[in-house]
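Remarks on the structure that follows.
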Amino acid sequence: MNTTVFAEAGNLGLEKFPRKDSELIQYGTAGFRAKSDILDYVIFRMGLLAVLRSKAKKVHPTEIRTSISSSSAVEQLNMTSVLANYVTEAATIGLMITASHNPEPDNGVKLVDPHGEMLEHTWESLATRLANATDSELKYVLADITKTEGIDLSKPASVFVGRDTRASSPRLSDAALNGIEILKGEAKDYGVVTTPMLHFFVTCQNTGGRYGTPTEEGYFSKLSTTFKKLQGEQTTPGNYTPNILFDGANGVGAIKMKQLKKCLDNSINIEIFNEGSGELNHKCGADYVKVQQCAPDGVPLLANARCVTVDGDADRLLYFYTDESNVFHLLDGDRIATLVAGYLMDLVKESKLKLNLGLVQTAYANGSSTDYIANTLHIGCKTPLYSNDYYDSLFQKVPVACVPTGVKHLHHKALEFDIGVYFEANGHGTVIFSQTTSSLPSDQRAAVTRLADLIDVINETVGDALSDMLLVEVVLRARGWNIQDWRKAYTDLPNRQLKVVVKDRRAIETTDAERKCDKPPGLQDTIDSLVAKFKNGRAFVRPSGTEDIVRVYAEADTQANTDLLAALVAQSVHKMAGGIGEPPAIPQ
């Protein structure tokens, strides 16, 4: 194995991107995140790793769990092996520079695997090892990864690079490109794009264009063309009105929404706020709205106006409105999941396709949404057209699975279903469709066509705020609902999220999809005793994946009780898990 190139990479790293920080940095749920001024060496090294990952992977597109676009909706649903002869010599890997909903001074990097998914778990540890190597160790770690993973350095490598709008992103993107080029990888720099767009481009490339065209024009065309068709098919909108107030979080979401808006023509009216003149994610954006339970600054408070908010890299989507009494109402990822799942069940029922639908949540899902999905949503009709085991099974309730926080966990679980719906409460989610179907009765092709068209509105590769917004709008119009009608489906339990700064987040260890705390000893018993004092009480804690913070979530029957429960649990975390600074205050 010729390792001269690794020595060259080590020399370039020492010269231009030396390690600036001695603290351990770990590849977490969202990759690496930190203050932007210390990330140059990390992102240079992730450029190196992306090349090795590309050389290590071959991609057979039939392995990629995304629906393949075709000119015929029925053909799309019946497609089985059209890609049998297409195999790439090396997979294209994505590298995204973003810190998503974090404050402007932060930044980060994450790699996108060939399926449009998050980086494989075993390679996360390789990323952590490479990022924490000393400058002198770098060439040896590269050589060791190459040897242990059986990588053929003579193979080509392809890496797609994107970045968000942070001031530090161009500099950090340059560091990544240096890493890719020194290991003889071929880089394609997309510049400023949303994170979901980069996932889309990677998947398109690795399917030989069968999923779509890996360009911005291809992305916007795929979403907008089918959306306009679906909206045009609805002749009785009921209470639905095609008007949206859009909070762009002063980030890339606002920029790309402007482009998408042009492609949508007059199918929907979108007024964009927080377009980029203000500070990224500051008192705006999906994370702010979700955590603070209030409307973002910069968006006019018009009574009952349907409002949308996205985060800094546009992979999270939430809806909200204020009523005539100026009371704020949030429709989060749980609401989106139940809305979408119910509509998909109707289409499956009408089409008579033999598809099993499941919904995946995390511990953050509101208890009322889980109850609604498990006990209210049913897949099937009262009078089955056929009497057999399959149609009898349509009476069963929709399976609800709970997994640890993080898109990679939800996405992986959703793959177990023919139609897997997953949304985190924070608004990050999508729908994944299998390519397995039964034969299609000729009299059911209208429903099948609607289902297939809906697939093309959805970015299955990852949660995508722009795509998800179009999906929600299709369903609301099909139902004839305004945002108040949507909210009436069920009543959320009041909830509160808090953060506790600790010396070391590793002091907290969880189990049962993060709903129970194993360490430190006694903390879970304390939480259980506190929860027992509140009607409809529920609480859990989990460590952040990127910083020394413990996140607290609580629910109860009233907002006052919820806030009190959250504060009491937060105080217990501070006391028992090495809290820093003053303990959380008890609300008066």
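Cβ coordinates come from backbone N, Cα and C, glycine included.
Within the same chain, residues at least 6 positions away in sequence whose Cβ sits under 8 Å from that of Ser100 (active site, phosphoserine intermediate) are Ala30, Gly108, Asp164, Thr195, Asp311, Gly312, Asp313, Asp315, Arg316. The feature active site, phosphoserine intermediate is assigned by TrEMBL to Ser100.
The Mg(2+) binding site annotation in TrEMBL covers Ser100, Asp311, Asp313, Asp315.
Within the same chain, residues at least 6 positions away in sequence whose Cβ sits under 8 Å from that of Asn426 (substrate binding site) are Ala286, Asp287, Lys290, Arg316, Leu318, Asp332, Gly333, Tyr364. For Glu424, Ala425, Asn426, Arg542, Pro543, Ser544, Gly545, Thr546, Arg551, the entry in TrEMBL reads substrate binding site.
Annotated domain 'Alpha-D-phosphohexomutase alpha/beta/alpha' per TrEMBL: 80-124 (among others), in sequence order.
The average pLDDT computed for the domain 'Alpha-D-phosphohexomutase alpha/beta/alpha' (154-203) is 97. Residues annotated as domain 'Alpha-D-phosphohexomutase alpha/beta/alpha' in TrEMBL: 154-203 (among others).
Residues or ranges marked as domain 'Phosphoacetylglucosamine mutase AMG1' by TrEMBL: 215-317 (among others).
Taken from TrEMBL, the feature domain 'Phosphoacetylglucosamine mutase AMG1' applies to 332-481 (among others).
The domain 'Alpha-D-phosphohexomutase C-terminal' feature in TrEMBL is assigned to 519-570.
Among the residues Glu424, Ala425, Asn426, Arg542, Pro543, Ser544, Gly545, Thr546, Arg551 said to bind substrate, no two Cα atoms are farther apart than 19 Å. Shown for the domain 'Alpha-D-phosphohexomutase alpha/beta/alpha' (154-203): DSSP residue counts in helix, strand and coil, namely 23 helix, 13 strand, 14 coil. For Asp311 (Mg(2+) binding site), other Cβ atoms within 10 Å of its Cβ number 34. Taking the mean position of the Cβ atoms of Ser100, Asp311, Asp313, Asp315 as the Mg(2+) site, the remaining residues of that chain whose Cβ falls within 8 Å of it are Thr98, His101, Asp164, Thr194, Thr195, Gly251, Gly253, Ala286, Val310, Gly312, Ala314, Arg316, His428, Ala465. Neighbours of Arg551 (substrate binding site), defined as other CB atoms within 10 A of its CB across all chains, total 21.
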